[in-house]
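Straight from TrEMBL, the features:
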TRANSMEM  21-42  transmembrane segment
TRANSMEM  62-82  transmembrane segment
TRANSMEM  94-112  transmembrane segment
TRANSMEM  118-141  transmembrane segment
TRANSMEM  153-170  transmembrane segment
TRANSMEM  182-204  transmembrane segment
Amino acid sequence: MKDRKPYSLKGFIQCYNIFQIVTNFWIVFNIVTNGGPFAAVWNYCEPFDQICGANSEKQIEILWWGLCLKIVDLIETVIFVLRKKVNQLSFLHTYHHLSTVVFFWVLIRYFIHGFLTTIAMLNCSVHVIMYLYYFLSTFGPNMQRRLLPFKKYLTLIQMGHIAFIFTYSLRGIAPNCGDETVKYFTLITFLNGSINFLCFLNFYKSYKKAKTA
């Protein structure tokens, strides 16, 4: 494997990016149309069933599909290895992908909360933009040069939605906010969100430093 030339995988990567765009959009569409993500922002302290109402079971089903998609995301690690892009196998990449799978599984399985639909909606919306960027970047060096000015904004969008999630979740620390499920949900969301934010912040600083060097 060490002496083998890197695989191109251009066709596969283009198909994979299209798959990600379509499936992430599908999840966002279904979460929004079944209700919950916006109500969860205003009614953070309320239980899941009260926030999502009659569509609670449907929203849980969509969240499970979202978890399956996060597991599919792990394919990217294999792609990096086959293309010998070892520099992209950073702590950020590894932690972000693995922690997201564990995060969604634990919260759906044990501490389901309406705000999880908000998190999934934001996360998948960002991924639609992100994979559209990746898809366009497969069309050669000229396209990559045109896209380069937007790269930093992609990272800022990722940081922004993570920052909103973990700071807004702090509503749950109020003594009169929700039950034990809300408290555990808040703790897990804040810890995972803050670690991911710091990882992205470190990446962004490194990117800025490399550009000015």
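Cβ coordinates come from backbone N, Cα and C, glycine included.
Pairs of Cβ atoms less than 8 Å apart link the transmembrane segment (94-112) most often to 62-82, out of 62-82, 118-141, 153-170.
The stretches the transmembrane segment (21-42) and the transmembrane segment (182-204) do not meet in space: the count of Cβ pairs below 8 angstroms, excluding pairs fewer than 6 apart in sequence, stays at fewer than three. Sequence-remote contacts of a segment are chain residues at least 6 beyond its ends whose Cβ falls under 8 Å from one of its Cβ atoms, and for the transmembrane segment (118-141) they are 10, 13-14, 17-18, 20-21, 24-25, 27-28, 31-32, 36-38, 40-41, 62-63, 66, 69, 100, 104, 147, 150-151, 154, 157-158, 161, 164-165, 189.
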